[in-house]
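Visitor: Relevant sequence annotations retrieved from TrEMBL are reproduced here:
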{"type": "DOMAIN", "residues": "1-296", "note": "domain 'Kinesin motor'"}
{"type": "BINDING", "residues": "G18, Q19, T20, G21, S22, G23, K24, T25", "note": "ATP binding site"}
{"type": "REGION", "residues": "291-319", "note": "region 'Disordered'"}
{"type": "COMPBIAS", "residues": "296-319", "note": "compositional bias 'Basic and acidic residues'"}
Amino acid sequence: PLLTSLLDGYNVCIMAYGQTGSGKTHTMMGSQPLEEAAGTRQGIIPKAAAELFRLISEKPADSHTVEVSVTEVYNNEVFDLLATDEAEMSGNGVCVCVRVCVRACVRACGDRPASNACEVMQIIRSVLKLRAHSPTLIHTDSSRSHLIVTLTISSKSPNAVALGETFLHTPVSLTFPQCDFDFHIQPAGCRAVFRTKLQLVDLAGSECVGMSGVSGAALWEVSCINRSLSALSDVLGALAEQRPHIPYRNSKLTHLLQDVIGGDAKLLLMLCVSPTQRFISESLQSLGLGTRARQVQKEPPRAKSNALKERERPSVVLG
C-alpha cells in the first residue's frame, strides 16, 4: 500500500531504527542479491524496488521513470555516494573512491536512471563500501552514518496545464541561483511531470557512548549520530503535539528527510531491538521512540486524483 501511494502522488519513507547489531542493515538490505530471489532473505530495499517496478509495469509505457540516489549523513554532513572522484589515489598508489559532500541539503547530484529492480540494487551495492564504518565494543564493523536510498519517480500526465486564466504555449524555465533550484513551467498540452520520492533509510546505531566504548575521533562520530537521532525524535514529538513549528533544520538528517516525514507524506518506522538482557536499556530507548512516533496523528489524506493534481501541483514543478 505504501508503494501504491507513490504513484498516487505521495512521498513515502521507510526507516529502520535501533542500536548497532540489532539487525537494521539486514532488515533493509537482506543478505542476498535480488536476482538470487530467496524470499525471506531479501531486505526491504530490494523488495520495495521489485514491487515498485511491478506497479510501474502495469501503467502505460513511458509514463513513469525512476532515478536512484544513495547518500549518507556522516558527522552531520551529507555525502553523495554516487558522485565519486575515481581518480583519487591513496598513499600506496591504489585507486580509491572519495565520497563527495553535498553542502546544499536539497537533492543528490548523482541521481542515476534505473529501468528495473536489479539495476537499482547494482547501483546501491556498488557504493556500499563507501559508507563510513569503524569498530566499536558492540560490533567490529559498525556503520557510523545514516544511509539514505532515494528512488525518485517521475510520473507524466497528458493533461493540459493552466496558469490562472491563461495557458502557456512554450516552456518557460526560471533560474534562481540564491535558492539552488529552478522553476520549470509546462505549457498547455504538454505532459506535466509530477515527482514523488521513496526514501529508504538505514539509520546509524542509537546506543549511548558508554555502550559503544569508543574514544578519540570515534567519540565525535557517536556524538553526531546521537544528536541527529535526538533531532529526529524532536521532529516526531513536534508532529505528535501538532506544534506550529517543526524543527527539521536542527539536523542534516531531518532536513534531508523533511519531504517524506512532514505534510501528507507517509512514514513507516521499523524498530530493531536486541533480544539479550545486556542491551535492555537500549531496547527500551528504541521502544520509547516508537511510542512517540505512534502518537503522530495526521489527517486522513485526500485522494490525489488527476484533476486534483492539476489544481494543486503541476503548473510549477521544482527541479
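Even glycines carry a Cβ here, placed using N, Cα and C.
What TrEMBL says about a protein is an automatic prediction, not a curated fact.
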Visitor: Which residues in the same chain, at least 6 apart in sequence, have a Cβ under 8 Å from the Cβ of S22 (ATP binding site)?
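Guide: Correct list: G205, C272, V273, S274, F279, S286.
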Visitor: Drop a 10 Å sphere on every Cβ of the binding-site residues Q19, T25 and tell me which sphere holds the fewest other Cβ atoms.
Guide: T25
Visitor: For the binding-site residues G18, G21, G23, which one has its C-beta crowded by the most other C-beta atoms within 10 angstroms?
Guide: G18
Visitor: Within 8 Å of the centroid of the Cβ atoms of G18, Q19, T20, G21, S22, G23, K24, T25, which other residues of that chain place their own Cβ, given that this set defines the recorded ATP site?
Guide: A16, G205, C272, S274
